[in-house]
Structures are given as structure tokens and as C-alpha cells.
Amino acid sequence: MPVVGIDTIDGKLLDAIQAGIPLVERPYRALGEGLGLTEGDVLGRVARLKAESLIRNIGAIFDTSRLGYRSSLVGFRLREERIDQAAVWINAHPGVSHNYLRSCVFSSGYTPEACFPYNVWFTLAVESESQLGLEGSVAVLARDTGADAVRLFPTLRVFKIGVRLDMDAEGTGTRKEKGNFFAGNGHATGYCLNPTERQIVRVLQHDLALAEEPFREVARQCGLEVEALLAGAQELLRRNIMRRFAAILNHRKAGYTGNVMVAWPIPEEKIEVTGHQMAQFRAVSHCYQRPIYPEWPFTLFTMVHQKSREACEETVAEISRETGIGDYAMLWTTREFKKVRLKYFTEDYAAWEEKAVAR
């Protein structure tokens with residue numbers, strides 16, 4: 001179903017702006033040239049789409065590990081009466097970008113011998129200078145929340161990463177796409193950024209203004225000429241420290257009301273082939289290999305985004321048929337506690353650790 005209030009041109013613009021905004025002095029003019037639109041038309045349409053909350057923000061999307069941060073998906077098992085307060089504790093950490101209460105539904109006829117589902121799932125990142133480290137920070141959160149069980153699910157390998165909602169069509173269906181999708185291991189080497197590069201990262205993660213030359217003000221904020229800022233940004237992009245400079249959409253406003261995290265038990269010898277197969281589905285935004293545990297046999301995790309729960313289920317079923325993997329666990333979001341962009345190189349991380357140690 002088309003999103004109410006947007007036309008075909010809006011759809012093409014939204015697709016383009018999610019793919020990436022040119023890192024040039026007049027980015028909106030450059031964006032418009034590829035769509036047959038004037039700079040003023042692009043600015044007007046983007047302003048309207050932001051006012052309607054369809055576009056969340058426009059900024060740099062960085063590779064956390066290449067900035068020197070350590071990160072992991074974390075699963076907590078919490079009793080119902082503790083969940084609300086636990087969410088407050090977890091959300092307070094500046095390195096938590098996503099935090100959800102999820103319910104687990106197994107595929108038809110599948111009953112794992114030794115599996116109890118975690119119900120609170122969040123992503124956590126810590127600085128390279130962290131005194132507690134990733135494991136220590138999780139231990140503090142487990143202590144404060146009273147979690148009954150805790151597991152870390154760090155990324156071992158990336159087969160695909162990047163949410164791009166298809167706005168120039170009725171939906172993604174089970175369509176395929178090709179590409180390497182930033183495939184690689186989950187332990188990318190962190191670069192040692194110099195002070196200027198760190199400052200460029202700080203300013204590029206903020207929402208880009210709607211102006212003819214928006215990077216001029218961004219450059220002023222870090223004491224650089226606009227040419228130097230853009231050259232630095234392009235270098236971060238070349239080194240894959242920045243994945244892209246693009247818009248992030250509000251899923252629900254964009255008509256994508258269905259999303260599910262699916263965990264798959266894959267034999268070691270089939271992980272490579274299966275991971276690439278799953279990554280080719282347009283509706284799959286993320287596909288990672290993560291560690292398994294005695295009570296958790298699932299090693300491949302995929303995020304599926306569709307325009308309804310039913311469409312998600314259809315996509316998951318098609319993935320299952322194509323890969324021959326009939327057993328899986330669907331983790332549906334029942335409550336969203338936090339969903340934000342991480343802020344890098346801020347003092348908030350050290351401040352959180354200082355308070356955590358003092359408790």
C-alpha cells in the first residue's frame with residue numbers, strides 16, 4: 001500500500017537519499033540532478049518529509065568497530081515485574097542504540113531441545129578507552145537490572161548491513177538484490193583517528209541542515225574550511241569508516257509496520273553459502289553470524305522489514321524454502337524501549353562508567 005501523502009517523485013527521492021547524499025558543497029543540488037529536480041524542489045520536498053516525520057534525520061552512518069568501539073547484541077532474561085525498571089537502567093547507557101522487548105515464536109513443528117528465549121534484547125557499544133570494557137559494562141547492567149540470564153552475541157561475520165526501505169514500489173516482497181552488502185568479519189580493525197578526524201566524526205553525526213550549502217556551517221563548527229571538511233569526510237568514506245552519508249527513515253511513517261529478528265540454526269559448513277543467500281533478499285536489512293550457546297543453537301541472525309507482519313512471515317517462509325533451513329526462531333518486537341543513533345567521541349561514556357563504578 002502506498003504511503004499516504006507522498007507521490008512518485010517523493011518515492012524516488014526517498015530511495016536516493018537513503019542510498020547516499022553526495023559529499024559536495026551543494027549536496028541537495030547534486031541529489032536533484034540525478035532525479036531531474038531543481039535544488040529548490042529537493043529542499044522543499046525534504047523539508048516537508050521531515051516535517052511529516054517520515055525522514056528521521058540526515059547524517060553520517062559510521063562503522064562502529066572501525067571507530068575503535070567494541071559492540072555486541074545482548075540478550076537478557078528478565079522477570080516481567082522487572083522489565084520496566086530494567087529498561088530505564090539499560091537505556092541510560094549512552095552506548096545503547098536499540099533496546100526491545102521481544103517474544104519468541106518457533107517455526108511450525110520446531111521445538112529446540114535446550115532453548116529458553118531471552119526477552120530483552122539490546123545493542124551496546126563501548127569506547128576503546130573504556131575501563132569496564134564490553135563484558136564489564138554488560139555485567140554492571142545485569143547487576144542493576146537483576147537479569148536472570150545474560151548472553152553476549154557479538155558479530156562474528158557480516159553478510160549484510162544497512163536499512164534501506166523501498167519507497168518507489170509497493171513493497172519489497174521477496175525480491176532479490178546483488179552486492180557485497182559490506183560483507184566481512186565482525187572484528188574490523190579500528191583506525192587510530194587523529195584529532196581533526198575525530199572532530200569531523202563528531203560534527204557529521206548531527207542532522208544536516210536544509211540549506212543550499214549546509215556543510216559550510218558544519219565546517220565552521222570544527223574550525224575547518226568547507227573544502228577540508230568534505231575532503232576529510234570523503235576519506236572516511238573511502239576507508240569504510242563511514243558507510244554512507246544518508247537519510248534514515250521512520251519505519252512506521254514509511255509504511256513498514258512489520259519487522260522481525262529471525263535466528264537460524266545453521267550447520268558450520270553451510271554458514272557461508274546460507275548467509276549470502278539470505279543477504280540477497282531485499283527485505284533483509286541485516287544478516288550476521290553470531291556465537292551459539294548450549295541453550296541457544298542459532299548462529300545466523302536476520303532482520304526482516306516489511307509492510308505488515310504477514311508480509312514478514314511470507315518473506316521468512318520464502319527464505320526458509322530457498323535455503324532449505326526449516327527450523328528458526330522469530331523474535332517479534334512487543335515493546336520498543338529505545339531506538340537512537342549512537343553518538344561517538346562524547347564524554348557521556350566515561351560519565352556513565354564513573355557512576356556505574358560508584359554504585
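Glycine is no exception: its Cβ is also placed from the backbone N, Cα and C atoms.
TrEMBL annotations:
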- 10-56: domain 'Siroheme decarboxylase NirL-like HTH' (DOMAIN)
- 66-160: domain 'Siroheme decarboxylase AsnC-like ligand binding' (DOMAIN)
- 197-243: domain 'Siroheme decarboxylase NirL-like HTH' (DOMAIN)
- 253-338: domain 'Siroheme decarboxylase AsnC-like ligand binding' (DOMAIN)
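As a quick check, the domain 'Siroheme decarboxylase NirL-like HTH' (197-243) and the domain 'Siroheme decarboxylase AsnC-like ligand binding' (66-160) clear the bar of 3 or more Cβ pairs under 8 A, pairs 6 or more apart, so the two touch. In the predicted model, residues of the domain 'Siroheme decarboxylase AsnC-like ligand binding' (66-160) average a pLDDT of 95.
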